[in-house]
Amino acid sequence: MEIIHILGVLMHIHSVLTSQDTFSEELLIKPLYSDQVYTHFHFSTKWDVDMDTETFNHSRLFPRALGEIIKRFNVQELHVSLTGGLWRYENWGYPVVDAAPGAEVWAWFRPDTGDVDKNWKLLANSLSGLLCASLNFVDKSNSISPEFSFQPSGAIDSPNVNNTYLRYASLPREIVCTENLTPWKKLLPCNSKTGLASLLNSGYIHNSRYHSVGLHLRQICQDESCESVSLDLQQTVSLVYDYGILGTKDWSLSKLFGQGVNGRCVLASRSEIYIDITSTTARAFTLDPQPDEVLTSVRGGHHSTFGKYTLPRNFFNIYTKFIDKEIVSLNVPPVLHANQYLTGYGQERGGIVTKVYNNHWSELDVVLLQDIPWYVPIYLHTLKLMSNDIEIKPVALRYVPGKQRERPYYLEVFIKLPPRSTTSVSIDFDYVFLKWQEYPPDANHGFYIGSAIISSILPVARNYTGLPQDGTLISHSFNASRSGYLVQVRTENMVITLPTPDFSMPYNVICLACTVVALAFGPLHNITTRRLVMKSKKKESLLVKLKKFLSFNK
Amino acid sequence: MSVKNPVDEEVKRASIAQIVTTCVIGAIIRCCLSFSKYQSIIANHVEISTPLNSWKRVSEGLYLLSNNINPYSGDLLHETPFSLYIYRNVLRLFQGRIEYMFATVDVLTGMILFFSAKKYVEESYKEEIVNRHQYAKDVSSYLLKPDKIFLSPYYVLLAYLFNPFTVLSCVGYSTTVFHNFFLSAMLFSMVHGIAVICGIFLAICASISFYPFVLIVPGFLYFKNVHRSVVKALVSLKTFLAVSVLIVVMCTNYGKDFSYLSNVYGCILTVPDLQPNTGLFWYFFTEMFDHFRELFIFAFQINASVLYLIPLSIKFRKQPFLLTVAILTIISIFKSYPSIGDVGFILSLLPCFRHLFRCSQQGFLVGVIMLISTSLAPILWYLWIYCNSANANFYFGVTLAFAIAQIFLLTDILFAQVKREFVLKNGTEKKVDGEESLLYLE
């Protein structure tokens with residue numbers, strides 16, 4: 001009996017030791033053209049596991065809480081991001097991971113999922129608990145299934161992709177703060193005690209111009225033949241610090257994050273920091289200590305140089321010193337960027353305009369996705385595409401009209417942007433009047449419209465930092481020339497103030513309206529039920545009336 | 001029977017030239033306004049375009065249809081597939097000229113109302129001559145005067161073509177214009193005793209805006225009591241039912257499924273869109289507590305449709321035309337998405353009842369309230385929505401006043417009818433046992 005027990009324990013230890021999971025942590029620091037520095041943390045957990053048989057009762061590096069959720073709700077692929085601030089594409093180029101302001105979540109469910117809507121709702125609720133975010137507000141009334149914009153980024157079983165298993169929702173009003181970062185850090189194997197995660201002190205990172213935490217889960221092929229798959233979890237934190245807020249252009253890890261790195265995470269197979277030193281021509285700085293290695297990456301015709309540090313086991317810090325050079329360089333905006341704004345005045349009729357800029361010398365195919373909440377009814381016949389003041393036609397269009405309190409308006413437009421053009425996509429909407437109990441407590445704060453998403457495969461990799469689709473690490477993006485580079489540009493959120501009723505009036509309104517109804521009922525009742533008679537005009541005195549009344553009672 | 005044919009008498013009538021000129025001027029006014037820059041301002045006004053009748057929503061529906069998207073999958077469109085079909089084909093007939101289409105239909109409505117009123121006036125004049133022997137002796141001043149009464153149809157035409165309510169409704173491209181057209185066609189066939197046509201148009205009206213289905217009762221009474229033909233009455237009833245079923249079948253075929261039902265009738269009955277209009281529903285159901293919503297929706301819808309139907313039909317069974325107008329007024333006051341086009345239609349029918357005006361008392365009051373509320377409504381709307389210096393209560397107050405004006409108008413006309421009847425029967429002498437006396441309802 002005991003032998004069997006011991007054998008069982010041994011087997012268990014064996015399975016743990018042989019379980020194929022690896023964890024890597026990377027940090028990319030890139031001084032941006034303007035007075036900002038971009039830092040991107042990338043924690044990647046890869047686990048060679050079969051999703052069909054794995055029960056997620058035990059895991060080594062992979063967060064078990066997340067595993068249980070994806071198993072329970074039959075999730076194929078999951079992307080969550082919680083973002084504060086807006087990524088300025090025009091000045092900053094492209095981030096490693098695009099994220100819309102507020103909370104954004106999209107998931108692919110496995111094709112054998114029965115009730116996708118129900119699973120989606122439950123998934124959102126579970127994620128809400130996992131990340132302490134208000135994702136529980138995600139339901140059918142604010143979710144869409146875009147056809148073009150969100151393709152699975154990992155390996156999938158079936159050759160044809162069916163977007164009925166895709167759900168996307170964004171909560172533009174969500175405010176991201178410490179309470180989201182803390183549970184997010186708990187998903188890391190080393191927590192925030194050691195490793196790069198020890199830099200993530202909420203007191204510092206929420207002082208930045210832009211901060212975004214993300215969680216991206218997908219399945220990837222283990223090898224070229226793709227006979228078995230691995231689970232790939234990428235946890236990211238993107239921060240943009242402003243020299244103005246820092247008070248100096250000489251940044252260091254301790255200045256940015258409050259402290260240096262508390263040694264490498266012992267569970268990590270790879271623990272590295274990359275600093276983009278390409279831009280030293282424009283904003284020259286010296287590094288102390290010197291990088292362990294200097295890498296040159298040629299990607300899509302674009303050269304960049306990185307200083308690479310491998311984290312030691314002990315405390316580590318990097319200092320930079322800004323060299324004041326009298327060089328004024330010109331910012332070359334990225335190939336594709338966009339913004340969005342509201343038109344019209346008053347609270348009756350308005351319009352949404354999305355401006356898409358193509359700075360490339362050739363045509364660019366883009367897909368514009370608008371997820372418009374149900375309280376902003378849009379009129380498709382007013383959709384107008386103007387490119388350099390010439391009206392153009394969309395190549396393809398997908399539209400599902402919304403329904404009050406049930407479904408948002410989903411609009412996806414496939415546009416061929418002319419070379420070197422500014423294309424504005426405008427559509428009209430009406431302001432609606434809600435029931436008084438549907439307004440939030442601060443009704444005049446306004447209602448949010450989420451950002452539009454412009455997806456495109458760029459032919460050049462200028463200002464591009466994203467990972468290739470087959471890559472899981474930042475180091476995979478070096479020298480990764482591909483035929484195209486996927487970007488998903490997010491625009492600003494918008495706020496509209498819907499006309500409000502007087503919230504203190506319900507009783508008065510009910511009384512007044514009913515009075516008017518009674519005003520009709522009374523006379524009509526009289527007319528239809530009584531006869532006209534002629535009666536003497538002479539009035540009886542009170543005494544006579546009283547006498548009559550008393551005589552009645554006798 | 002020695003009834004003199006009123007046609008032979010020396011009476012004042014509107015000449016054909018007069019009528020044609022009026023129609024042309026009416027059409028010109030409409031076209032001029034439609035082509036002016038004020039058209040879009042007028043069309044955007046909530047008093048004119050409600051969710052149910054705005055042309056913007058119709059064009060959205062037509063656009064979605066042409067792009068193979070089911071327009072009833074969203075909830076912007078509240079027109080039936082049948083009316084969409086009509087608009088599409090009429091628009092094709094006018095080669096896409098919306099201005100001409102609306103102006104033509106509206107002027108046609110005016111003409112049809114003119115002929116309906118003409119027939120009605122002639123009929124009531126004849127009937128009064130027949131019944132003359134039953135009346136009291138000193139009532140000659142209360143009787144219909146041929147020189148006055150035969151001008152009424154012309155006044156109806158004038159009141160329809162130059163009524164600011166109908167003009168604005170037409171210029172604002174509200175589909176109430178079409179609804180009014182079908183209603184007038186129904187009235188025309190009713191007074192002319194064409195039962196089948198009456199049933200057909202009534203079914204169309206009911207299919208568009210639901211509430212007019214109650215008009216089947218006055219229609220029935222008209223055929224039975226005025227045309228003295230129970231057969232015709234039954235025919236109109238049966239045609240109404242048959243055509244209603246046919247329209248539902250057609251709509252289902254054209255709209256592919258039944259989703260239009262919840263979009264059209266669901267919207268009319270449950271009032272999900274709370275955009276302000278001239279009616280009572282919008283603010284009431286904006287401010288309603290959720291758990292009482294159903295109760296009040298039932299109460300208000302019954303109030304608007306069948307509550308007054310039976311008592312009024314019993315009381316005014318001998319005056320089915322007045323009954324029709326009374327029921328139309330009740331609908332236009334209490335329906336869920338009224339617009340000023342509905343009010344304009346009723347106001348333009350009032351000259352038919354000129355003989356009642358001397359018995360009515362509140363004409364001035366009603367006129368003043370209507371004038372003030374219609375001029376205040378856009379001002380307060382502007383202050384609320386654009387300047388943010390007023391709020392919803394101001395506009396609500398105006399719509400209440402507007403509803404009260406219509407209610408006073410209705411009750412006043414009905415009282416006048418009762419009074420006139422009394423006077424015709426009992427004479428003008430206001431003395432009981434030699435003492436001054438007054439009329440009381442008992």
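From the backbone N, Cα and C atoms, a Cβ is placed for every residue, glycine too.
Long-range contacts of the transmembrane segment (B:100-117) within the same chain: residues 19, 23, 26-27, 30-31, 34, 90-91, 93-94, 152-154, 156-157, 160-161, 166, 170-171, 173, 177-178, 180-181, 184-185, 187-188, 190-192, 348-349, 351-352, each at least 6 residues beyond the stretch ends and with a Cβ under 8 Å from a Cβ of the stretch. Annotation comment: TrEMBL describes B:100-117 (among others) as transmembrane segment.
Cβ atoms under 8 Å from those of the transmembrane segment (B:154-174) belong to residues 13-14, 18-19, 22-23, 25-26, 29-30, 33-34, 38-39, 42-45, 48-50, 53-55, 98, 102-103, 106-107, 109-111, 113-114, 117, 180, 339-341, 343-345, 347-352, 354, 374 of the same chain, restricted to positions at least 6 beyond its ends. The transmembrane segment annotation in TrEMBL covers B:154-174 (among others).
Long-range Cβ contacts of the transmembrane segment (B:194-223) within its own chain (Cβ-Cβ under 8 Å, at least 6 residues beyond either end) map to 52, 79-80, 82-83, 175, 178-179, 182-183, 185-186, 229-230, 232-233, 235-244, 246-248, 251, 264-265, 268-269, 304-306, 309, 313, 317, 320-321, 323-324, 327-328, 331, 335. According to TrEMBL, the transmembrane segment annotation covers B:194-223 (among others).
According to TrEMBL, the transmembrane segment annotation covers B:235-255 (among others). Under 8 Å from some Cβ of the transmembrane segment (B:235-255) lie the Cβ atoms of residues 70, 72, 80-82, 84-85, 190, 195-196, 198-200, 202-204, 206-207, 213, 216, 219-220, 223, all in the same chain and six or more residues away from its ends.
The transmembrane segment annotation in TrEMBL covers B:295-312 (among others).
Residues or ranges marked as transmembrane segment by TrEMBL: B:319-334 (among others).
If you look up TrEMBL, you'll see B:364-386 (among others) marked as transmembrane segment. Within the chain carrying the transmembrane segment (B:364-386), a Cβ under 8 angstroms from the stretch's Cβ atoms is held by residues 45-47, 164-165, 276, 278, 340, 392, 394-395, 397-399, 401-402, 404-405, 408-409, 412, all 6 or more beyond its ends.
The transmembrane segment annotation in TrEMBL covers B:392-415 (among others).
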So if I exclude everything within five residues of the ends of the transmembrane segment (B:392-415), which remaining residues of that chain have a CB under 8 angstroms from its CBs? That is, six or more out.
276-280, 282-283, 286, 312, 316, 322, 325-326, 329-330, 332-333, 343, 346, 350, 353, 356, 359-363, 365-366, 369-370, 372-374, 376-377, 380-381, 383-384
